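Here's the structure, in structure tokens; my notes come after.
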């Protein structure tokens, strides 16, 4: 082979989890490779922390024999477009000895190193290095839109100025070229240099492991590629370029269930997530420790795997010390072939006993196999002798996230989390409390004794009843005087509704009070009822009313005993209504519409399965010392009474959860809500504070009725947040969703059933009552979930339940107006089409329409069949263009892409407003102008209605006289002439050509507009 033709090819595949350095939570990275005084660079990937290049840089090789003694230096920089400079993101030095021949190259994952002691660097880069003698490689490089441009000091400034143009050109040609495919290799990937540390993202036993999905921020398609063991691959996605594509839904292709060639027993249960391999170490207990080393002190066990260490809780140093803790080490963190278990005394560094296991001998467990039985192992001391080391009971195995021990295990990626924060990063399932509507009907009082005798003789007592349940307080109106009732027998006859939760721990406090002064109410009697003793009802039948004696100990203690013998009473009808569904979320986003009483539930119609795969390109939420921007993300999903919370992935902008959850579905017209949050309790400094709030990253809503049965939807949903500065994309959430139903007839039958239970229609609640009860229900749910461990914060519950959906927003008002406009646009288009036919703009269409009109008039039996047949045909025709993906948050529909900044500032303003008086005045004037237009429209509608009423009101006697005479003449005409001929003549008259028309309005319209209205009497 001719060495002169040999060339070194450095294929820059991609990078992952780069450090954000543009001041806005992102970076615009490019790669610069230097070899033997030759330097080449890749294109710039703007605002992408997980860029994908797939670009080949070619270097000439003078002597192939001297190549093992050379090094290739790869530097990653962030381009600063403001001042034509760059920031250092990391570097890699690769030894020439690791360069393979063409056809034998493999993808190698390198950890980025620091340039100096003070450099802030993180992330990995994937490279391919090989020798090639093919001339076409040179041509491919040159045709890649300048990816291999030589960089020198003279043209450096020119190239930086042309960076934007190069990136735009590459995006236009790269859509069909980004195929991230890496050849299979039978061995795990090893680092290229002796000083590099290998850090794969996911290693599985199957042929197609993956790293977190990398999505081009510009929305370009990224091809899917398979790799060998230890390789990498990315999700494929489709989307339109530009801002619209950035906020669009993208279809992904993850390897669910371990890929098609790696199916196991868990595929039927965990087939909507990617398999993640873990090494589980269960340390149960130790014995014969105190007899060897003496009593006293505390004992801990330490599990060490490479640089990762997991420490158990401390137990008393007795003869048998028991921990029963599980440690989970992700396979991508395994840096050693041996796992060691030490038993130590307290905080001492010296160990009392040690046992180690070779990872090549560790068995693999696949559920539903029973758990691996722990065994006793003799420990060795410092000298390697096993006679005095005691014994430890340990179980060790390889498994996946489907293992029962996964949820409660200590994870290696949470090694830096403080002890108080460990409980807040585990995955949990929560159940909302069972909510009831408590109805208290306050009927009347009897023999109510006034508190102040003198004041009661001088004035009429203003008595009202106040009912308190927990922190919910409602009051009746002040009793009105009645002719047949005395002043001491007030009558209210009002219903008061509250929200209570099982188990019932509250009491109902009913008090009768007298309004003495504007800020003074005097309690004249009260009664306390336990909620557990209140009657439950399932239908509209009224509950039994009862009289209760009022406790009047609030009165003056000096009253005579004779007065105390008279008992004041109150008449109440209290019931727990189980026939309602307690709304704790907005009706349009409701995830459950079942009644409270379980006796009224119907069997479920299907099953909803959701695989929370991961997220990509999350924005940094917090700043950590030495790490820069970071996010500790977790997901919360809510459907029905079941809330799920994934584990927290610490310090990652592209977290991988791969957790699967299942819900029973009772109604297909419901919505599941999935939110992403940043865990504020991971950092010890912020966890100490009492007002710790988890930051919102975004949420996704999926309506089940938009999903096809038994189809798996794998998409990347954009996470959008509205800020005072505008809408921001905070990342992408990757989900796999499947809705399965056993009997389609039951699902179709649900579409004919009422949306809410029967009680909502038999005894309906007012809109104001529903709003107040929903707020109280949200408070009850937030209080109960906040008492769980780990607690689900109130801010999380409020965000998931859309607690502020009823607040005023100019943006939402405009969005709803445009929604209504889109609905009316169809009628406007139809009216314009009929007007064009009437004006004979297209004579052929007008003539055909006149013929069809006459046919329908003469044979009216054809009208409804033809209309229904046309609608059915249109529906079948549109089946081909039906939506293929679930709906998602739409910035255009929400009017978030063109909203004025002042309107956003008003939307984020508190209630009551905290802005200055001048800003409030400006906003009030703007609201007055908008309300003025609405006022004019409402007035015009009222005017037209009043003109119809004036036809027979004799307000204008001459107009009413003319209308009555015309009605008599028309009645005789319709009696003598068949109705269809009248309609035919009327249609022909309207459809007459413009040549036979007058441009003035018709006589009927002129007569109608002359009728009087009530606007004449308005001030």
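Any Cβ shown, glycine's included, is placed from N, Cα and C.
As annotated in TrEMBL, transmembrane segment covers the listed stretch 961-989 rather than the other ranges in 932-960, 961-989. Between the listed ranges 812-845, 846-879, TrEMBL ties the annotation transmembrane segment to 846-879. In terms of DSSP secondary structure, the domain 'C2' (589-717) contains 11 helix, 63 strand, 55 coil. When Cβ-Cβ distances below 8 Å are used as the criterion, the transmembrane segment (961-989) is approached by residues 850, 853-854, 857-858, 860, 951-952, 1007 of the same chain, each at least six residues removed from its ends. When Cβ-Cβ distances below 8 Å are used as the criterion, the transmembrane segment (846-879) is approached by residues 837-838, 840, 980, 983-984, 987-988, 991 of the same chain, each at least six residues removed from its ends. Here the domain 'C2' (1-110) is broken down by DSSP into helix, strand and coil counts: 12 helix, 56 strand, 42 coil. Taking DSSP states H, G and I as helix and E and B as strand, the domain 'C2' (419-548) has 16 helix, 66 strand, 48 coil.
The listed stretches are 260-377, 419-548, 589-717; of these, 589-717 has the most Cβ pairs under 8 Å to the domain 'C2' (1-110).
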